[in-house]
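Take a look at the structure set out below.
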């Protein structure tokens, strides 16, 4: 749905504070908001998606934030971190200044994550903690944005129980923030503007990047995979790829600004380019183009095994600035569980992909995601996940207990694996994760590695820390001037999840860029 189509069908949504407690607010969202619905959400590709490269903030909004400050609290994935950079960019363009003091901030935004129940609980706790601030300083604005805002039940809960919130907006209309803020300042009612359908791809949005060493580069929006446990296709919309020329221009600018590493972002980066109707262009082509740009390291996340092509493998195998680290979520090692998850691949096809990757990229580091305790998962099925882990030999994994998300197909399944069983399985899996991580780390002892120094260690300000191209954390002592630089470090000690080493020297960029 493009901007013109939206304007023709949209309605303003304002919920009066004095009536919120008695109403069901879902009816307010008939045009601008719909709850997650698999059948409706799968109706993709018919609405025209336009590319808007002329984004500008209307002059009437500039100066709105003069002598005002803002603070954004961010939960969730790298895409949320990227969105926060855009929100901060818009706020600064309006005249606001960033602050780290929540007690003095004039605008407080909570950028939310809906992927797991635990993340949502943290957000509601955070909103509740802000009630006293709103009471003490009624002129401040408190807003909720991000993926949770795309869920009807969440918006209803905020409207009913959290009257300290002034505005709610979603993932598709961040560029409308100036209008939302103005409405919030002028209205005594809560301002709710949540688009269920994605809009145009908006380029040239201002950004305030976190740091000047590493940068996020969004290459696409949305996801069309509809894994049965996942709310993301509903909260982020259909897959929409940015134009390659826009991405390449952004990466070139980051290289000119001196960034040492970029991460190409998308809910499923391997689907990049499938929706570009005028050209045949995929992630492999994009990586090939970016490999020619003078930026030392290029990563990408997140990958779906179903879309991982041999072309991509070949491009990564050529080396250069594309790092030999692939995060390849498997979720389960059992075919029956994979089928009810809607993952579209089998244990056998996943292992075949891993073999092709290892054959072409012998030095690759593979990491993964795994969900434990999916509905109907038996002990035997879980053990197949453990044996798959052995067979692949992942160097690390992010492991999770299954978390039911309302609106997903899995929410209709009986969650029949007892919590104590889930926790016991997770403990066994994590023991295996630690075992293989230790094996991978031990191979570095006595070796010299190149590390991108990112700053001081979280545990010791006198120690610097950074990551290798395979995403291994390295701690070492060196002059503070090395922060932001690529350095050589000899590894003296391998721990389970990190490495300790001795600084050797700075690495000149031309020694890294191929």
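Cβ coordinates come from backbone N, Cα and C, glycine included.
Together with 77, 113, the [4Fe-4S] cluster 1 site in Swiss-Prot holds one more listed residue from 145, 147, which is 147. For the recorded [4Fe-4S] cluster 2 site, residues 223, 227, 230 set the reference point as the centre of their Cβ atoms, and the other residues of that chain within 8 Å of it by Cβ are 225, 226, 229, 231, 232, 233, 267, 268, 342. Comparing residue 223 ([4Fe-4S] cluster 2 binding site) with residue 147 ([4Fe-4S] cluster 1 binding site), their Cα atoms are 13 Å apart once rounded. Cβ neighbours within 10 Å of residue 147 ([4Fe-4S] cluster 1 binding site), excluding its own Cβ and spanning all shown chains: 27. Neighbour counts were taken as the number of other C-beta atoms within 10 angstroms of each residue's C-beta; across the binding-site residues 77, 227, 230, the minimum falls on 77.
The record gives 77, 113, 147 for [4Fe-4S] cluster 1. Within 8 Å of the mean position of their Cβ atoms, the other Cβ atoms in that chain belong to 75, 76, 79, 80, 112, 114, 115, 119, 146, 148, 232, 235. When other Cβ atoms within 10 Å of the Cβ of residue 113 ([4Fe-4S] cluster 1 binding site) are tallied across all protein chains shown, the result is 21.
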